[in-house]
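Trainee: Just lifted these from Swiss-Prot, have a look:
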- 8, 9, 10, 11, 12, 13, 14, 15: ATP binding site (BINDING)
- 255-272: transmembrane segment (TRANSMEM)
């Protein structure tokens with residue numbers, strides 16, 4: 001069994017953190033008992049179509065009879081399936097000032113046996129010191145210290161921005177729950193709960209006033225969201241979205257719509273033209289590269305004017321050397337390796353061919 005005492009200043013997000021744990025328990029199919037006014041259809045992980053949400057709303061300031069009426073939270077020995085009991089504003093009815101209240105001890109005794117009944121407990125209170133000392137020593141297994149990021153200030157940077165702009169540096173509204181093992185602020189940190197919480201604001205009554213009048217806040221079990229909202233909800237199929245689209249189009253200014261469509265058409269035209277220009281430019285660049293390569297290859301194939309320098313034959317092997325005007329020697333075997341075809345008619349008549357290039361070579365040059 002886990003018992004958490006959630007503490008924090010006013011507006012620090014204590015109830016929000018507890019409601020997030022309630023949502024987690026309901027999503028797993030567990031049982032929840034609480035003195036909070038919940039709006040089950042606004043839980044994102046539950047939704048308005050859930051048919052089996054087991055929630056019990058007990059009195060604002062519960063007595064032993066209220067706690068006994070919720071029964072067992074888990075019938076198995078698997079503690080991960082325990083139910084969750086959430087009690088808010090414990091500082092008004094579970095505080096150290098009312099230590100002489102005769103109904104206090106039976107409630108503490110029940111909480112001590114909550115593990116055997118299959119319940120995890122979350123007490124919500126402004127400060128752990130406000131809690132009854134006997135209950136604090138016996139039950140405060142984990143203490144959660146809640147903080148809000150948007151109420152903090154970044155050192156140096158926040159001060160500079162405040163001086164320059166006249167306002168605080170806006171930080172995101174993120175809620176932190178630092179879980180300590182024990183009621184000492186220096187105890188070991190065992191977990192950290194982080195929530196933005198914006199999707200849970202509508203899931204509970206943030207302005208709920210707790211009273212001891214049982215006629216105003218009697219115990220009851222709320223119906224599952226399907227029977228209060230889901231069964232009356234409009235089915236969100238394709239027809240629904242088409243109808244909503246038509247309604248929004250009618251509500252919007254026709255001149256604005258026409259301007260939007262004209263702007264969209266102009267943007268599409270500019271994009272099409274830019275793509276066509278880009279493709280044309282790429283085509284021109286490719287053609288220029290091809291022409292340069294072909295000219296380079298063609299110039300590389302042209303040989304200077306040659307004349308036969310020597311001719312030798314041994315059996316079927318014929319070797320011919322050529323020379324140009326600068327007396328540079330070219331061997332027939334080297335020309336063949338470079339891709340030229342050497343046709344030898346006789347010792348004074350040789351033809352060199354490569355693609356469209358042809359040169360007739362004789363002994364006179």
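Even glycines carry a Cβ here, placed using N, Cα and C.
From a predicted model like this one, the values you see are computed outputs, not experimental measurements.
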Trainee: Within 8 Å of the Cβ centre of 8, 9, 10, 11, 12, 13, 14, 15, which other residues of the chain have their Cβ, at the recorded ATP site?
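Mentor: Residues close to the ATP site, other than 8, 9, 10, 11, 12, 13, 14, 15: 16, 126, 146, 148.
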Trainee: Restricting to the same chain and to sequence separations of six or more, state which residues have a Cβ under 8 Å from that of residue 10 (ATP binding site).
Mentor: 126
Trainee: Neighbour count, 10 Å Cβ-Cβ cut-off, for residue 13 (ATP binding site): what number do you get?
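Mentor: Other Cβ atoms within 10 Å of residue 13 (ATP binding site): 24.
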Trainee: Work through the binding-site residues one by one (8, 11) and point out the residue whose CB has the fewest other CB atoms within 10 angstroms.
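Mentor: With the binding-site residues 8, 11, fewest surrounding Cβ atoms within 10 Å: 11.
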Trainee: If you count other C-beta atoms within 10 angstroms, which of the binding-site residues 9, 14 is the most crowded?
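Mentor: Selected residue: 14.
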Trainee: According to DSSP, does residue 8 (ATP binding site) sit in a helix, a strand, or coil?
Mentor: coil
